[in-house]
Structure formats: structure tokens, C-alpha cells
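One structure is given below, encoded as C-alpha cells.
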Amino acid sequence: MNPCRLGVNAFQTSVQVVAHHLARRCTSSLPAAPLSRRCVSLWPAAQRQTQPPRGGHGRNTAAWPALLSAPRPALPRRLGIRTIIAGQAVITHYVDLPPDYADEKGLPFAKHDLKPAEVVAVFGPRLSTTAANKLLRILHGRRVAGTLEDPSLRINTIAFTKEDQRIALEYLRRTVPVDEIANAGLRAEDELAALEGDGPVKSQPTEILPEYRNKVKLYKDADALPKKDSVYGPSALDAIRARNQAKWEAELRRREEEKKKREEEERHGQAGPLQVAGKPQTRQLSAKMQEYIVRGQSDLKEPPEMKKWQRLLPSAAFVVVVGGLCLACAEFYTPPKRADRLWPDVPPAAATVGTLILANLLGWGLWKIPPMWRFLNQYFILVAATPRVPTMVSAAFSHQKFFHLVQNMAILWLFGVRLHDDVGRGTFLATYLASGAVGALGTLTWAVMRNRMEVASLGASGAVYGISAAYLWLHRFDGIRVFGLPPPPSEGFQGLTFLGLAVGLNVGAMFTASRLTVDITSHLVGMGVGILAGRLVEERKKTTAQQKGFIRQEVAVVKPTVATKG
């Protein structure tokens with residue numbers, strides 16, 4: 001006798017199939033041995049080779065239909081009969097989805113659930129009959145509800161492997177035709193309608209995360225869940241949380257009230273006790289001051305229609321005239337005698353540079369007088385949209401900010417008195433005026449060529465850079481110390497070093513935000529005019545030296561002749 005080895009495998013589906021077949025009288029297809037017919041190992045070879053490995057670790061789904069195709073024992077009529085009334089209805093359309101549908105329950109996929117033999121034929125021996133039918137019902141429900149791709153519902157099928165889910169889905173698609181795309185589209189329309197408030201969603205999947213809230217009502221709201229009081233009573237953390245929440249709400253209300261009061265005070269030009277520390281108080285302008293502001297502004301809505309040469313030609317002609325006068329001043333100016341000077345006890349360099357500083361200080365002071373704003377806006381500031389000829393020179397004596405004035409005047413004094421001592425008053429004044437005028441013309445040309453009609457410029461920066469560049473060029477190979485540095489025995493830095501540093505700083509500023517507030521073009525053009533002035537001074541000194549040497553040679557030749565005659 002060959003006994004059957006059941007053990008743990010008796011709980012598997014394959015054993016259920018065997019028991020289902022052998023519990024009753026077998027047909028002639030099975031061996032007739034009285035004992036061996038109850039053992040799978042004594043079945044015919046064609047059937048035994050289709051048996052899957054024990055333990056369910058392997059699956060041969062292609063061979064199992066052969067086992068099922070064998071003649072099955074006759075079942076008692078009282079156990080196998082199911083009427084249509086007792087069967088389950090199969091739903092395949094989204095519109096027929098019942099209102100009590102839940103994802104964990106699913107929908108019937110056939111009139112009858114799969115029997116153990118059918119489960120083995122589809123899934124193999126791994127899944128039990130109950131688990132297989134549950135998986136099929138869940139997946140069929142998702143096909144009808146249009147939630148096959150919903151990741152939030154995976155918790156209901158997490159106990160099944162991906163392979164089992166794939167096999168189940170293929171089986172359902174092969175045996176139960178369902179238009180999954182149409183059902184998913186209808187569900188999307190219902191969800192969109194629910195989001196817009198037009199209607200509810202048909203299906204109500206399982207409430208997995210009660211705290212997850214949305215308008216589609218896929219999950220229950222936390223507020224809708226019954227609140228259960230803790231058996232331990234209120235905790236200390238709950239009390240702290242409540243106090244902090246109350247404090248934060250009170251702080252938000254206080255900030256909102258302060259904001260409203262501050263806006264009200266600023267609107268009426270008053271600063272009350274809620275004024276922010278460090279913030280300048282707003283002041284209501286008088287009617288007269290508002291009138292000066294309106295009068296000082298231009299009434300033009302847009303720049304006048306002019307060609308580029310029409311904007312540049314008058315100013316360029318004026319600068320040419322100024323340049324000629326500067327050359328004449330440098331060439332023919334004769335300094336007065338000490339007795340004829342206005343301040344005979346003041347050095348000429350200090351007097352000249354000091355006068356220029358006073359003129360710039362006067363220009364800054366005029367900007368503090370409101371009735372002068374209209375005049376200054378027209379004739380003491382360069383505007384690319386409406387260029388005026390006098391601004392080529394007058395802008396070099398105009399400053400609106402005190403720091404801008406101090407910065408320019410400090411550099412003018414530092415290099416101006418030294419250049420004045422080297423070249424004299426005529427050449428110094430010619431360099432200052434020419435650098436400022438040509439620098440302003442360079443700014444105007446740049447703005448017009450680039451259609452930057454909003455550009456406006458004022459200040460003595462171009463003239464000051466011209467004075468500094470002229471001095472550094474004349475002393476380009478001389479050692480210069482700044483505040484005694486570098487100390488001896490070093491001779492200091494050459495003038496070319498400082499000149500190159502100034503050029504580099506301005507060129508580098510073109511690639512920063514400073515290009516929007518600093519007139520870099522005027523600086524560079526002014527330096528170019530200063531270098532040219534320094535070069536002309538060197539040529540004139542060289543010519544003067546050669547003329548003096550030629551006169552001395554003539555005198556040296558004539559003197560011996562006079563001595564011989566004597």
C-alpha cells in the first residue's frame with residue numbers, strides 16, 4: 001500500500017482539487033486500485049506530470065488545464081445546482097455602479113465564484129479559493145469604477161503579489177469584457193463635477209486615510225468622524241497646544257490692526273504711536289511745495305520726434321567751440337601779477353581750485369531752492385530726450401546729492417592743486433572745462449545712439465576724472481604715495497598704476513548694477529580728454545625747451561664777436 005503524504009499541503013488548493021475528485025467514486029479514467037486511487041502519485045503518467053511542485057513554489061499553469069480536462073466525478077445533484085435567481089448579477093458599466101460599492105468588497109465578476117479546480121487552473125496552487133475570488137472581485141470593481149490606476153487603493157490588494165494581480169486582470173479581461181477607458185472617463189467627469197460643486201461622485205471607495213480631506217469625498221473628512229474623548233482625560237500637551245494657538249491668533253489680530261492703523265496714518269500724513277522704528281515719517285507737502293514740484297516737471301508726454309543728428313549736432317558744435325576756446329586759453333593765458341590778484345596772499349592753485357569748488361557748492365545750493373527747480377531742470381541737467389546746448393558745460397557745476405558733491409570736490413582738490421602747479425591756471429581751467437563738456441557730449445551720444453531717451457546726467461565727475469587723468473599721465477613714471485604708503489625705501493606706485501586702476505573700475509562697473517545710476521561714459525571720456533591734455537602739455541614743454549636751447553646757442557655764438565671788437 002502506498003499511503004498519501006498529506007501533512008501541511010492539505011491546506012493548499014491543489015489538495016482541495018484532489019479531495020474534490022477522490023471523495024466520490026472515480027470514473028474509469030482513474031486507476032481502480034482500492035487504495036492507490038486516493039493517492040495522486042498513482043494517477044496516470046499523463047496526469048501525474050502536470051502536478052505542480054509541492055509547497056507552491058513553482059507554477060505550471062499551462063499543464064493544469066490537462067488535469068481539469070479529465071472526466072470529473074459526478075457531483076450530487078443537491079450540491080451542484082444553482083439557479084439563475086440564486087446567481088449574482090455582473091455589472092460592467094460605470095453608470096450601474098451601486099451606491100454601496102466599496103473597493104475592499106469589489107463587485108461580482110461572474111454569476112458564481114470560481115471553484116477550487118478553476119482557481120488552480122488560473123492561479124496555480126499558491127492562492128486559496130477565497131483569496132483568489134476576493135482579488136477578482138476587487139479588480140473587477142476597479143475596472144467598473146475606473147480606479148485601476150488609483151494608487152491610494154493599493155492597500156486593499158497589498159497582500160497579493162504583482163504576478164497574481166496581473167494574472168487576475170488578464171483573466172477578467174479575457175472573460176468579462178469591460179470598457180475600462182470609458183468607465184475611467186465617466187469617473188473623471190464625476191470627480192470634476194464634484195470639485196466644481198455641480199454634483200456628487202457616484203462611487204465611494206474605502207476610507208483609508210480619514211484625515212485626508214478633499215471635495216471629491218474619496219475619504220471622509222476628519223470633522224465628519226466621531227470624536228472620542230480620551231479615557232485619560234485632557235493631556236498637558238493639549239493644553240499647551242491650545243494656549244499657543246490662542247496666542248498666535250491674538251498676534252495675528254494685533255498685526256492686522258497695526259497694519260490698518262499704519263495705512264490710515266500714512267494716508268493722512270500723520271505718524272502715531274504705531275510708527276515703525278527707523279522708518280522715516282511721512283510728511284504732508286504744502287500746497288506751495290506741490291506747486292513747485294508740478295512747475296519743475298516737464299509737461300511733455302513723450303520725447304519730441306527728432307532725428308539723431310538733430311539731437312546731437314547743436315551740442316556737438318557747441319562743444320567744438322568750447323574746445324577751441326579752451327585751447328586758446330591754455331596757449332595764450334597770462335597769469336596776473338600778484339598785486340593785481342583778488343587774493344594775493346592765497347596761492348594761485350588754491351585760489352583757482354577753491355573757486356571751482358565754490359561754484360559747484362553754489363550749484364548744489366540752488367537745488368535746495370524750490371522756485372529754482374524749473375530753471376535747473378532745463379539748463380543744469382543733461383536730458384537725452386530734450387538736449388539743450390548750455391547743459392554741456394553747466395551740468396559740470398550741478399549736484400543734487402551732498403555726498404556726490406563732497407566726493408567729486410575732494411578728488412578735485414587732491415589732484416587739482418598739483419596739476420595747477422605743473423601746468424598753470426590757463427591749462428588747468430581748459431582741461432577742466434574741456435573734460436566736462438566732451439564727457440557730457442559722450443553721454444548724450446551714447447544715449448541717443450541707443451535710444452535711451454530717459455537718460456539724464458549731472459555732476460562734475462567727467463571734469464574731475466579729466467583733471468586726475470592729466471596729472472597721472474604727466475607723472476606716469478613717478479612714484480606716488482597715498483597717506484605715506486608704501487613706506488620708504490619704496491618710491492611708491494607709478495601714475496600709470498592709478499590710471500589703469502581708475503579705468504578698470506569704470507569698465508568693471510559696466511557689468512554691475514552701478515551702470516544704471518553712474519554715468520560711466522562721462523568718466524571714461526573725461527579721462528581720455530585728460531590724457532590728451534597731458535600729452536599736449538608735454539609737447540608744448542618740449543617745444544618750449546627746444547626754443548630756449550636754440551636761443552641760448554645763438555647768444556653763445558654772438559658774445560665772442562662782441563668781445564673781439566671791444
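One-based numbering along the chain as shown.
A Cβ is built for glycine as well, from the same backbone N, Cα and C atoms used for every other residue.
The compositional bias 'Basic and acidic residues' annotation in TrEMBL covers 253-269.
TrEMBL lists 391-537 with the feature domain 'Peptidase S54 rhomboid'.
Summarising the annotation, TrEMBL assigns region 'Disordered' to 253-281.
According to TrEMBL, the transmembrane segment annotation covers 312-334 (among others).
The transmembrane segment annotation in TrEMBL covers 346-367 (among others).
Proximity of distant same-chain residues to the transmembrane segment (379-397), defined by a Cβ-Cβ separation under 8 Å and at least 6 residues beyond the stretch ends, is recorded for 298, 300, 303-304, 311-312, 314-315, 318-319, 322, 359-360, 362-363, 366, 432-433, 436-437, 439-441, 443-444, 447-448, 452-460, 462-463. What TrEMBL lists as transmembrane segment is 379-397 (among others).
The transmembrane segment feature in TrEMBL is assigned to 427-449 (among others). Note on the transmembrane segment (427-449): residues 308, 311-312, 315-316, 318-319, 322-323, 326-327, 329-330, 333, 352, 356, 382, 384, 387, 391-393, 395-396, 416, 419-420, 455, 457, 460-463, 465-467, 470, 519, 521-526, 529-530, 533, 537 of its chain, located 6 or more positions outside it, place their CB under 8 angstroms from a CB of the stretch.
Same-chain neighbours of the transmembrane segment (455-474): 360, 380-384, 395-400, 404, 408-409, 411-412, 415-416, 418-419, 422-423, 428, 431-436, 438-440, 442-443, 447, 495-496, 498-499, 502, 519, 522-531, 533-535, 537-538, counting only residues six or more beyond its ends whose CB sits under 8 Å from a CB of the stretch. TrEMBL lists 455-474 (among others) with the feature transmembrane segment.
According to TrEMBL, the feature transmembrane segment maps to 495-514 (among others). Long-range contacts of the transmembrane segment (495-514) within the same chain, counting only residues at least 6 positions beyond its ends with a Cβ under 8 Å from a Cβ of the stretch, are 465, 468-469, 471-478, 480, 520, 523-524, 527, 531.
If one looks beyond the transmembrane segment (346-367) by at least 6 residues along the same chain, the residues whose Cβ comes under 8 Å of a Cβ in the stretch are 335, 373, 376, 380, 397-400, 402, 405, 408-409, 412-413, 416-418, 420-421, 425, 428-429, 432, 460. Assigned with DSSP, the residues of the domain 'Peptidase S54 rhomboid' (391-537) fall into helix, strand and coil as follows: 105 helix, 8 strand, 34 coil.
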